[in-house]
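Step one of this worksheet: look at the structure below.
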Amino acid sequence: MLMAGGTGGHVIPALSLAERFMAGGLQVEWLGSPQGIENRLVPAAGIALNHIDVVGLRGKGLLRKLMAPFLVLNAVKQALVILRRFKPDFVVGLGGFASGPGGIAARILGIPVFIHEQNAVAGMTNRWLSKVARQTFAAFPGAFDEKVGAIVTGNPVRESLLTVPDKSLHSLPLNILVIGGSLGAQVFNERLPEALSKIPPEVRPYVWHQAGKGKLGATEESYQHFKVAARTQEFIDDMTGAFDWADLVICRAGALTVSELAAAGRASVLVPLPIAVDDHQTANARFLVEADAGILLPQKEMDADHLSNVLRDLVSNPEKIITMGKNARRVARPLATEAVVQGCLEKRFG
């Protein structure tokens, strides 16, 4: 049983694992919450989705903290019912609201627990579950204390990204892909159009911009106001095609995004979400920055003038973009899915 939910950063890697498990003849079900993106993606993949009533517990005020033990207990009870019915040989948790109660329930029933941490800084749920897990897997080195014995595998990503060809030098303008996650990033929607307007039209990059749910109209108006041509969409379904098109990606630094950039071999300007728990997006970004594969741009420094200067430098040095892309692919872990799947099977069945 896969346990993951909430955001695409948890769900999409778990789907990659589920598909590989099923290809090997295993029956797979999913444990999630009623609110997360798993409700759209998991049934579409033909996987049975089970719900438990659970929400995040960090930073939710005094009342939520007082209620937390009762909420967790109720979710664990629900997970026990589901696990007793399905009788999985093992469970794999990838974070999100459902993983904690699901992992506790599995431990109570004596079902082997495996976990995978997608971020460079382990989340609270996975830090706790690592104490009871038969094996812990991590996308990045240093996510856990050494005594945990985590195996660094990288993040499972869509296999199609691994076939995206390397970029080569071509005539200007460059192609820039702007993505802020499934909900978009308002700071990108507001500041990119103005920053691009400061670049001379003859070398101004082509833009493909994912605005996010409910933000398309305002983003289009902003580009029109600054007289910048751009292809804008609420959500880009064909992310492999988008990476193939792009020379440079401007994006947040979620774990999945960072891993997909490496898999596709694309240069990036990384703007970590400043309110991310434990500032884990900055830690994720450093994985590419330290490999000379990306540029770190803190959001507080991302005014239109500064961003325009960053882009001007890249436009005038396209060979730098090519080198960054090659460096990104050099640190990719294309066998991450297989490593996690085989690790689980070997630890469970020998």
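Every residue gets a Cβ built from N, Cα and C, even glycine.
Where the annotation comes from TrEMBL, it is an automatic prediction and has not been curated.
In TrEMBL this protein carries:
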- 1-137: domain 'Glycosyltransferase family 28 N-terminal' (DOMAIN)
- Thr7, Gly8, Gly9, Asn119, Arg158, Ser182, Ile236, Ala255, Leu256, Thr257, Val258, Ser259, Glu260, Gln281: UDP-N-acetyl-alpha-D-glucosamine binding site (BINDING)
- 176-330: domain 'Glycosyl transferase family 28 C-terminal' (DOMAIN)
Mapped onto three states, the DSSP assignment of Leu256 (UDP-N-acetyl-alpha-D-glucosamine binding site) reads helix
Can you count the other CB atoms that lie within 10 A of the CB of Gly9 (UDP-N-acetyl-alpha-D-glucosamine binding site)?
25
Cβ contacts within 10 Å for Ile236 (UDP-N-acetyl-alpha-D-glucosamine binding site), all chains included, total 18
Same chain only, sequence gap of 6 or more: which residues have a CB within under 8 Å of the CB of Val258 (UDP-N-acetyl-alpha-D-glucosamine binding site)?
Asn155, Leu270, Asn284, Ala285, Phe287, Leu288
Reported mean pLDDT - the domain 'Glycosyltransferase family 28 N-terminal' (1-137)
92
How would DSSP class Gly9 (UDP-N-acetyl-alpha-D-glucosamine binding site) in three states?
helix
List of residues, in chain order, with Cβ under 8 A from that of Arg158 (UDP-N-acetyl-alpha-D-glucosamine binding site) and at least 6 apart:
Ile12, Ser16, Met239, Thr240, Glu260, Ala263
For Thr7, Leu256, Glu260, listed as binding-site residues, tell me which one has the smallest number of other Cβ atoms within 10 Å.
Thr7
By DSSP assignment, list the helix, strand and coil residue numbers for the domain 'Glycosyltransferase family 28 N-terminal' (1-137), in that order.
65 helix, 21 strand, 51 coil
